[in-house]
Amino acid sequence: MKREYVIASCTLSFFILLIIVLSATDWGTGQSGESIVEKPAVPQAVKNWPAEDLKLGQVTAVSVNSALQPVIFHRADREWDRNTFNMSHHYLHSNLGPIADHTVLTLDPSNGKVLEKWGANAFYMPHGLTIDRHDNYFLTDVGMHQAFKFKRGQNIPTLVFGELFVPGSDHGHLCKPTSIAVASTGEIFIADGYCNSRILKYNAAGGLLRVIPSPSEFLSLQVPHSLALIESTDRLCIADRENMRVVCPRAGLYSVKGRKESELTIQQPDMGRLFAVAAKGKLIYAVNGFTNQMLPVQGLTIDPESETVIDHWSPEAGFSNPHDIAISATGETLYVAEIGPNKIWKFDLVPPKK
Ligand SMILES: *[C@@H]1O[C@H](CO)[C@@H](O)[C@H](O)[C@H]1NC(C)=O
């Protein structure tokens, strides 16, 4: 009798414990039921940064180097307007020659002063810049229809993707490529871009590995404008701009056993046209752009695993035309680049208010 009572009460307490554990894990789960959403760090604009007027052209990209310095890619005196390309995507102003000014500026994170200038007489219509952990520079130029890898400070690229001024959709051509992501293992992802709406994945030596989507995959992109890798979950998150969503297919850096092999899709009515994404841990920080009069231009914090937007943020003065976003390797600082007015913002990522 005594023994049976002990077993019965043990079983009972086990079930009570199980219920407690299950209901506790339920608290934070999102739609997919896979992750616990914690309150994310909040971007807080740093006042009077940069301290002086940098006289920038359209700032199309920002990335952060290994010294935690922001590096921007800007168009100096050149702008993308309705006369820049014709209907077949050919750049019409190649006769102007490349931009004479330095287009790549390294800034002092403490006051925003220019520390280094580079990239004069090299680019026609800058778009994307990504710096990998070894301080290699990956740039895209929509006018040239090319993407490049440069070792820091060198003027001859070590890799060139696409053919100069020739838009195309085969494996040897790009068409207005927008953005690049580089894995710690060296794989290169190029978002290609305004006309082809595909992602090309290369090995570190520049050999093509895969095209996303491949014919059997049902993933329809419309202007993939920015890329962010979340390596811990093997996701490549894409700002699928004209589809007004973020989609995160598998990056395929390693094989993952799990329930969800298909892409994660984050699409909510208030997101608007998503221009740029950056990763911090398993979260994505994003900026949208003008969509319609009803939707604010703002920053969004996204939890891809639960496929939800978990926070909204913007500087006090508001954003106008944010174009790119970057987060430092330490996860403490976030930068947003804008085109019109041309501007670079610095944000501290601060713990959320309880
Ligand atoms: C666009 O310009 C290119 C280069 O000048 C030319 O070859 C092409 O035919 C033009 N396309 C259209 C649609 O006008």
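Glycine is no exception: its Cβ is also placed from the backbone N, Cα and C atoms.
Remember, TrEMBL labels are computer predictions, not curated facts.
Keep in mind it's a predicted model, so treat the numbers as computed, not measured.
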- [ ] Figure out which of Tyr194, Tyr202, Tyr285 sits with Arg75, Arg241 in the protein site per TrEMBL.
- [x] Tyr194
Open item on the list: Based on TrEMBL, name the residue from His127, His134, His145 that is recorded for the same Zn(2+) site as His225, His323.
Closed with: His127
TODO: Given that TrEMBL annotates Leu129, Asp324 as Ca(2+)-binding, name the residue from Val62, Val64, Val182, Val277 that shares the site.
DONE: Val62
Task: Disulphide partner cysteine [TrEMBL] for Cys175, chosen from Cys195, Cys237 - done: Cys195
Task: Nearest recorded site to His225 (Zn(2+) binding site) by CA-CA distance, among recorded positions Arg75, Cys237, Arg241 - done: Arg241
Task: Entries of Leu129, Cys195, Arg241 which, being recorded positions, have CA atoms within 10 angstroms of His323 (Zn(2+) binding site) - done: none
- [ ] Determine, to the nearest whole angstrom, how far the Cα atom of Leu129 (Ca(2+) binding site) is from the Cα atom of Cys175 (disulfide bond).
- [x] 17
Task: Intrachain residues whose Cβ lies under 8 Å of the repeat 'NHL' (166-205), provided they are six or more past its termini - done: 61, 85, 88-90, 127-128, 130, 132-133, 136, 138-142, 145-147, 149, 159, 211-213, 220-229, 231, 236, 238, 251-253, 276
TODO: Determine which residues of the same chain, besides Val62, Leu129, Asp324, have their CB within 8 A of the center of the CB atoms at the recorded Ca(2+) site, and list them by sequence.
DONE: Val59, Thr60, Ala61, Ser63, Val71, Ile72, Phe73, Gly128, Thr130, His323, Ile325, Ala326, Tyr335, Ala337
- [ ] Starting from the Cα of His127 (Zn(2+) binding site), work out which of the recorded positions (Arg75, Cys175, Cys195, Cys237, Arg241, Cys248) are within 10 Å.
- [x] Arg75
